[in-house]
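What TrEMBL records for this protein:
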TRANSMEM  7-33  transmembrane segment
TRANSMEM  45-64  transmembrane segment
TRANSMEM  101-121  transmembrane segment
TRANSMEM  127-145  transmembrane segment
TRANSMEM  166-187  transmembrane segment
Amino acid sequence: MRYKGDLIINLTFIILIILGGIGFLVLLELFQYGKNGTLSLHAKLALKISLILILIGFIIIFFVESNNPSTLGNLSFSEKIYGSIFQSVTARTAGFNTIHIGSMQNATLFLIIILMFIGASPSSTGGGVKTTTFGLLILHVWSSLKGKEEIQIFKRRVSQDIIPKVLTVITLSLGLIITMTILLSYVEGEDFIKVLFEVVSAFGTVGLSTGITSSLSIAGKIIIIITMFTGRIGPLGLALSLIQKREPEIIKYPEEKIMVG
């Protein structure tokens, strides 16, 4: 934490964390951009979502924690900037911190929980549900609100076949987090926000903690270990490996509509 005012250290780690979190395929496309002059839809979406998340995280952390003497309150303006950007970047992948996580406001902790849940981009070193999955979910909701049947972005159309996979990943991930949070809350009896933070950090393989990790019981540690393994493999990947594939059904039943919302 003594490096929170060091520009070189902060900038070096920020660049490395971003490069490790945007994914190998995106890095390869950026490396070849000088030759091709184009980026795939996947690369554009991953980069745009990553940038938006970093900016949103930086703004919220800066304004919420600037008056908190235990985190950014007693720092200079430049140190507040460095600390806010660093924490916004590291929250989705790396797990480093230059300000004390356990002293943050609940609003900031919940923001970091969301960032850890989203995580990094596909084929990267990070976990989470991935930036493109989150981006497609938002685009799907936006398209539905506008009455469009297809997702369109960057003058391209996204295949509808991918939407069920997006919803499956999000649903399984939320189900895992809810289950593990309930179990850990029952076993440990800690503050709910800290328990949720611990579970989502394990799911996203981030490594950040509010400080309760070392005091967890054996049962609590087992819950966190299972969450980390499942988060690293991916809920969808784990489910597909356990469920036996079936032959396509040749019978189709009559269709009916169900009200939602």
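Here the Cβ of each residue, glycine as well, is placed from N, Cα and C on the backbone.
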Notebook entry, point to check: Looking at 7-33, 45-64, 127-145, which one has the highest count of Cβ pairs under 8 angstroms to the transmembrane segment (101-121)?
Noted result: 127-145
Next item on the list: Report, as numbers and ranges, which residues of the same chain sit near the transmembrane segment (166-187): CB under 8 Å and 6 or more residues beyond its ends.
Entry: 117, 129-130, 133, 136-137, 140, 195-196, 198-200, 202-203, 217, 219-220, 223-224, 226-227, 230-231, 234-236, 239
